[in-house]
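Engineer: First the structure, then my questions, so here it is.
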Amino acid sequence: MLDIKDIRLNTEEYKRRLGTRGVKPEEIDELVAEDKKRRELLVETENLKKERNEVSEAIAQAKRNKEDASEQIQAMRKVGTKIKELDEKLAKVEENVKSMAAHLPNLPNPTIPVGPDEDSNVELYKVGTPRKFDFEPKAHWDIGEDLGILDFDRAAKVSGARFVFYKGLGAKLERAVYNFMLDEHAKEGYTEVIPPYIVKSKSMYGTGQFPKFKDQVYQVNGEDMTLIPTAEVPLTNYYREEVIPTEDLPVYFTALSPSFRSEAGSAGRDTRGLIRMHQFNKVEMVKYTKPEDSYNELEKMTKNAGNIMEKLGLPYHVITLSTGDMGFSAAMTHDLEVWMPAQDTYREISSCSNCEDFQARRARIQYRDENGKLQYVHTLNGSGLAVGRTVAAILENYQNEDGSVTIPEALRPYMQGLEVIKKEK
């Protein structure tokens, strides 16, 4: 949620910067006009309530003096009726203001690239050199099916498209990957959390998924409950409507969870493999920080995600997303993309974002500054990493000509020392 007062004071600045995110100028004008109406109604209501209190005192004084107070009583009834009407009108206007503001994305950091889509993203740096194969590299779905460790066909029979069964060493590899990730994040000071996988709408609102993206999640019929699209939701709402003790900041959380996504609007994209699923495991990182520390913490979070890939020996690069490609709640986002040999390109495996105080305003998460004044914290979130995509990257980057897959050294302790996944005879 953006600061309505700041929008009012810097309207043209908000039009310009939010315009780079597809927000039309009239949306800002309508919000400012509705907020003006809200403030005018508030003043009018408060004045009438003050008048009612004065009349009430006059009636009490008249009764003490045993004087006729019928005129004052009649006047107070009229004032009371008017106040009730204004309160109802004010409630509707306040709801309009809240709804209009809730649909506005976060203000982009002024240093990020401006552009309508991913073509405007800017590469920051590369790590690792893509392997040169002396044979034609296969796609991870073919590797997994040939080895008997991934079964997409039976998953489609059971659940439909965009699901998978991990089997045998495939399941063990997935488990090894996320246990390795959690252990690495623990070394960096993250507290491991096992969160709820179903949350209330208020939690989805707090992180910015609701109300704008309700069609992209799975909701429980007849209940105010939603399957989480990411552990960011429960982890960021952990301190909702609380004041975090200043001495506890920064707070680092990490969690493994399934993520459930309807993938609305993704028809025809990544229809095969582990890249775009309705259900997938992801290790998430979430931070609560003081405002002055948040961008330094974003760089550290990006490094934390990158370190996982470096220890797994996976080539990747880091890009800064443009204003038009960035997520709704983010002020700045660094995407980490891993090299996928069969596709001959980099694919997103982690997205690390600084949401500044956008989510904290929606979820009312605060701390006290050095003067004891309540301030909103800054929240950050990042994938550390998407587990299925990491498995896909390992299968493609570590494949051998005979169809086997070498296990990265960092994962072997989690695989009981196994070095190669081979097809069972």
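Glycine too: its Cβ is placed from the backbone N, Cα and C atoms.
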Engineer: Per Swiss-Prot, what member of Glu174, Glu184, Glu284, Glu337 joins Thr230, Ala231, Glu232, Ser383 in binding L-serine at one site?
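Structural biologist: As annotated by Swiss-Prot, Thr230, Ala231, Glu232, Ser383 share the L-serine site with Glu284, chosen from Glu174, Glu184, Glu284, Glu337.
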Engineer: When you measure from the Cβ of Ile349 (ATP binding site), which residues in the chain that are at least 6 apart have a Cβ under 8 Å away?
Structural biologist: Met309, Tyr316, Leu336, Glu337, Val338, Ser383, Leu385, Ala386, Arg389, Thr390, Ala393
Engineer: Long-range neighbours only, meaning 6 or more apart in sequence with Cβ under 8 Å: which ones does Glu232 (L-serine binding site) have?
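Structural biologist: Correct list: Thr207, Glu284, Val286, Asn381.
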Engineer: Taking the centroid of the Cβ atoms of Thr230, Ala231, Glu232, Glu284, Ser383 (L-serine site), which other same-chain residues have Cβ within 8 Å of it?
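Structural biologist: Surrounding the site, in chain order, are Val233, Leu235, Ala255, Ser257, Ser259, Lys282, Val283, Met285, Val286, Asn381, Gly382.
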Engineer: Counting only residues 6+ away in sequence within the same chain, which have a CB under 8 Å from the CB of Ser351 (ATP binding site)?
Structural biologist: Gly327, Thr333, His334, Asp335, Leu336, Gly382, Ser383
Engineer: Looking at the binding-site residues Glu263, Glu284, Glu348, which one has the fewest other Cβ atoms within 10 Å of its own Cβ?
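Structural biologist: With the binding-site residues Glu263, Glu284, Glu348, fewest surrounding Cβ atoms within 10 Å: Glu263.
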